[in-house]
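A.B. asks: Before anything else, here's the structure in question.
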Amino acid sequence: MVFLSLWLIAASLVEVRTSADGQAGAEEMVQIDLPTKRYREYELVTPVSTNLKGHYLSHILSANHKKRSPRDVSSNSEQLFFNVTAFGRDFHLRLRPNTHFIAPGAVVEWHETAPRPGNTTDPRNSRPHRSSSEGGWRSEPLQTSCAYVGDIMDVPGTSVAISNCDGLAGMIKSDNEEYFIEPLERGKQMDEENGRIHIVYKRSAMERAPRDVSEDVYYKESNLEGLDDLGTVYSNIGQQLNETTRRRRHAGENDYNIEVLLGVDDSVVRFHGKEHVQNYLLTLMNIVNEIYHDESLGVHINVVLVRMIMLGYAKSISLIERGNPSRSLENVCRWACQQQKSDPNHAEHHDHAIFLTRQDFGPAGMQGYAPVTGMCHPVRSCTLNHEDGFSSAFVVAHETGHVLGMEHDGQGNRCGDETAMGSVMAPLVQAAFHRYHWSRCSGQELKRYIHSYDCLLDDPFEHDWPKLPELPGINYSMDEQCRFDFGVGYKMCTAFRTFDPCKQLWCSHPDNPYFCKTKKGPPLDGTECAAGKWCYKGHCMWKNANQQKQDGNWGSWTKFGSCSRTCGTGVRFRTRQCNNPTPINGGQDCPGVNFEYQLCNTEECQKHFEDFRAQQCQQRNSHFDYQNTKHHWLPHEHPDSKKRCHLYCQSKETGDVAYMKQLVHDGTRCSYKDPYSICVRGECVKVGCDKEIGSNKVEDKCGVCGGDNSHCRTVKGTFTRTPRKLGKTRGAFVLPKGARNISLAETRETKNVLAIKNQATGHYILNGKGEEAKSRTFIDLGVEWDYNIEDDIETLHTDGPLHDPVIVLIIPQENDTRSSLTYKYIIHEDSVPTINSNNVIQEELDTFEWALKSWSQCSKPCGGGFQYTKYGCRRKSDSKMVHRSFCEVNKKPKPIRRMCNIQECTHPLWAAEAWEHCSRSCGSSGYQLRTVRCLQPLQDGTNRSVHSRYCLGERPESRRPCNRIPCPAQWKTGPWNECSVTCGEGTEVRQVLCRTGDHCDGEKPESVRACQLPPCNDEPCLGDKSIFCQMEVLARYCSIPGYSELCCESCSKRSGTLPPPYLQEAAEIHSDAIFGPSDLPRSLVMPTPFLPYYSGSRADKKSLSSVSSVANPSAYAAFRSSSRASVSFPRKKAQEGGTKTPVSMPPSSSIKTDHLHSSSPGAAAPSPAITDSIGASPQTRTPKKDGKTISRRHPIRSTASER
């Protein structure tokens, strides 16, 4: 266990000396880069691979160490187990492939600045790729075999996101802390047999910046004015997003997929290195994906990579403006929009863009920048993030949360208390999080918007494909796998059968059955290796039924969390996980939901009544800008019942209603007409008056739960006054607490104004001082009021109940103008106020009746329709229309129907629009579409669309074939080979094919071109360094820098007389054919007493084969990057005429020799583990030269030269 203080951790040179057996030695010194961030404490550990029970299997961790090619593991659904011991704890990791992380067809693109003349080619560029006409662009499939997720066994509530492309790298979330793990050295996948050192550090111990917190900033919708201009430029993209239905499979209910374009600038690529940046980014995004899988979010979201773009230096600096985050974000969003695929069904079409940079785009400490609620928008669905190691995954998750509609915890919501506990949406990225989680507000805000993000509903994973077998080798024999690996005709090698065929797959061609090749990997699990047996984990085993699918089952419920309210009815939740057991091998997911809730704190609040929805609107007063100004926000109930759990507020100043872009808090009443049903996670939950969920129990007219109105009393009366002083408010009467179904109405036209004031607080509810009296519906005191002015007669109605008594006031506008008000309300008999004959009368003074008010709109514009009467309430004494509540005691008459618009209609006609462009320019599948509608002309000169059955005649076609002509053949070009020289001028070639003979369009592309590399090093030659330099047969190696240095004198004499060896034919990829001094036999570097002379005797042949079989294969040909290897076996009859015959290679040998690469595992390996091509000729001749007898051999050729 190692704990180092902060100042000890720094990038440094570390001398690592290793010997052939993997122990400490004195052979090489390498430079390793410790993470650039500084950690207060960390540990160096050596993880191991284990079985389910935690028993040791090996030190091999990396997928690339064990797999032959990415396609071998594409169907691998097996679990992996690793043990990591750190900080006094043993973590037994259980991992499964993250199959919903990288979409089928996902690619990584390199948009590089064109190389300057003389620049050497990066070895990465030699991998197969497709190139555009621009020299700086290439693309290749994203690696899909290394991303894993899982948990810590036997520790509930944990999660793990790990990549094993190059060791173990990722995040381990335990029950009380998050840890990051990564290899101490990169690119050491093949050196793991004896253990590989990793660094483990706590997330809580990371130092982010000179200050303790790091900021992120997010845009409001109105701030992206610069991006709004793109709406016209890229309108076609927006139109396609809105009008085109994506034909990929729809995701399951409550399952959303964010298809991500990951943009990475040159600063990130240079920091991590081209060889390692892709694995790093996959690990980082795997952690982001796992953060969005945390159960606290309440919604299942997959973060799916569909495209990754690595930018060159010039483009990177043009996008990021240092110190200007808003402009940088605008540039990045504009760039991402330009990268969008116009076809929504394209495999690389993205929903959201994430851009990573290490440039400083804002003030010190700024970590991210993002627009709020921009998801699915063609321009605004993007984030700008500062990359700073694995902890940047939380910055990316945070900024993407803004785009999904989440706001900072504690800013405009009631979740500020959760920031200290490590909420993802905390306004400051804390430096001491102990456990991350999504706050309840983040979940509520997400649920408010998630249903409107249609682009997240399609499924990029092709579930319609047939289910693959659990063991991929079941359907493929070893012969078929050889054909996949090496081409037509190759089969399993039968030259030797002294080994387990499941250890390594060896293949040969019938034309040369003793020349065997391997890709250094075992056959696929499930491959038949003998009767009744198959390969499994590199061993030939009896078949069994252990690989059966396992259905998931729910684990135990957690404890209920805290209540959302302290009084007045709140909600609390508990959750469970599908991990008892987890579904594997295609098993069914757990049925049902993963959370439950119950009501809590249902007692009424002790203080005077406070409207919970009103409180949420008031919290927006200080920071919600509407039309560039602040407002005092009052609660508003949306007329659509489906939107009543969304927070809408009404401006006190203007009366405008604005959507606050969030859900109401759990426990908020759904409607002011229902005092008990409440909102839970954005949905209205029915609650009875007995405060039971789902109960149908309701109150009677005076508030008795389940009552029969027997205790209800109706209070009616008329208040009449003549104000003496203009403008002086005159109190009328009091409406008591508990009053319901309240109706007030003036009995005659006056200029006087009705006002209402809260008796307890003095706060004006209606028509306060300085307010203009106008008709409106508003909410105050927790009830909805309907105030109407018609013909200078005011009416006011509310369903109540009143939580506080209110005073009815009259504000005179004219002197000596008599005011008369009628009022009516229902109240429980225990709350009836004392009767005062001056202002309260319990008998009705006026009578009211239903009267015809108007006619409804006609049902048809022509041809005879119907309209119906609309009734209103009319006072009989003066025939004035009053509020309909005064007529509720009377039965409303049935509506009267009458004919209308009886003029004859014109006959509908078919109308066809212009044809759209053809979907294809050639081929057999092109088609055109157009819109065909049935339109009816109207008398006002307009048309209306009617059902097609009303149009006579045959409907015009709306689809037709087009451009059904054969497509012209195109030239196909392969990648350019590496330059034929390593310095100076040379040539490079590529393959150019026409699949239809000589019928391809255009001029044939060039297949040979010149290449210019840095000038050759003209160091003075001090003579040959080996006696073998004088062998003429080795002169062809003079083109290799390492050999030409050893034999500079001989090579200078023979310059230009011999062709170079055929190394490029032997290499699977260009970087394979690179030689150096360490790649030559030791005997060529330094003469030794033991030299392999070949005189033709049996003993000599045995000696030569023995030496060759144990020496490092790189001694003859250095395949540093190659994944292929081969070995030759003796033919029954030697070939004649000097033809090349492979050297005899016994299956094993007891002779060992030293080699320059003494640390290589091959130095001590037996013969069957040979890793490279070896061949030699048994034909020799022994001429005299300088008095010495020299053995001549043909140059060693690689495997591919035998083709």
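Numbers here mean position along the shown chain, with the first residue as 1.
For all residues, glycine too, the Cβ spot is worked out from N, Cα and C.
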A.B. asks: Given that TrEMBL assigns Glu259, Cys455, Asp458 to the Ca(2+) 1 site, pick the one from Asp166, Asp343, Asp351, Asp551 that the record assigns to that site as well.
C.D. replies: Asp351
A.B. asks: What residue among Cys493, Cys502, Cys529, Cys535 is stated in TrEMBL to be the disulfide partner of Cys516?
C.D. replies: Cys493
A.B. asks: Per TrEMBL, which of Cys567, Cys590 is disulfide-bonded to Cys578?
C.D. replies: Cys590
A.B. asks: Can you tell which of Cys563, Cys567, Cys617 is bonded to Cys600 by a disulfide, based on TrEMBL?
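C.D. replies: Partner cysteine, according to TrEMBL: Cys563.
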A.B. asks: Sort Cys605 (disulfide bond) into helix, strand or coil using the DSSP assignment.
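C.D. replies: DSSP call for Cys605 (disulfide bond): coil, neither helix nor strand.
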A.B. asks: For Cys516 (disulfide bond) and Cys605 (disulfide bond), what Cα-Cα distance in Å is obtained after rounding to a whole number?
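C.D. replies: If we compare the Cα positions of Cys516 (disulfide bond) and Cys605 (disulfide bond), the gap is 84 Å.
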A.B. asks: Hey, what's the Cβ neighbour count for Cys502 (disulfide bond) at 10 Å?
C.D. replies: 24
A.B. asks: Which one of the disulfide-bonded residues (Cys333, Cys507, Cys540, Cys563, Cys567) has its C-beta surrounded by the most other C-beta atoms within 10 angstroms?
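C.D. replies: For the disulfide-bonded residues Cys333, Cys507, Cys540, Cys563, Cys567, the Cβ with the most other Cβ atoms within 10 Å is Cys333.
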A.B. asks: Could you work out which of the disulfide-bonded residues (Cys455, Cys578, Cys605) has its C-beta surrounded by the smallest number of other C-beta atoms within 10 A?
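C.D. replies: Output over disulfide-bonded residues Cys455, Cys578, Cys605: least Cβ neighbours within 10 Å is Cys605.
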A.B. asks: Of the disulfide-bonded residues Cys493, Cys563, Cys567, Cys590, Cys600, which sits closest to Cys540 (disulfide bond) by Cα distance?
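C.D. replies: Closest recorded candidate to Cys540 (disulfide bond) by Cα: Cys493.
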A.B. asks: Please identify, from the disulfide-bonded residues Cys376, Cys441, Cys516, the residue with the sparsest Cβ neighbourhood, meaning fewest other Cβ atoms within 10 angstroms.
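C.D. replies: Counting other Cβ atoms within 10 Å of each of the disulfide-bonded residues Cys376, Cys441, Cys516, the minimum falls on Cys376.
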A.B. asks: Which of the disulfide-bonded residues Cys376, Cys493, Cys563 has its Cα nearest to the Cα of Cys605 (disulfide bond)?
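C.D. replies: Answer for the nearest of the disulfide-bonded residues: Cys563.
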A.B. asks: Taking Cα-Cα distance, which of the disulfide-bonded residues Cys441, Cys482, Cys502, Cys529, Cys567 are within 10 Å of Cys578 (disulfide bond)?
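C.D. replies: Those close enough: none at all.
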A.B. asks: Three states by DSSP: which one describes Cys567 (disulfide bond)?
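C.D. replies: SS state of Cys567 (disulfide bond) = coil.
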A.B. asks: Counting all other Cβ atoms within 10 Å across every protein chain shown, which of the disulfide-bonded residues Cys382, Cys493, Cys600 scores highest?
C.D. replies: Cys382
A.B. asks: Which of these disulfide-bonded residues is closest to Cys563 (disulfide bond) if you go by CA atoms: Cys382, Cys441, Cys482, Cys493, Cys502?
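C.D. replies: Spatially nearest to Cys563 (disulfide bond) by Cα position is Cys441.
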A.B. asks: Looking at the disulfide-bonded residues Cys415, Cys441, Cys529, Cys567, which has the shortest Cα distance to Cys376 (disulfide bond)?
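C.D. replies: Among Cys415, Cys441, Cys529, Cys567, Cys441.
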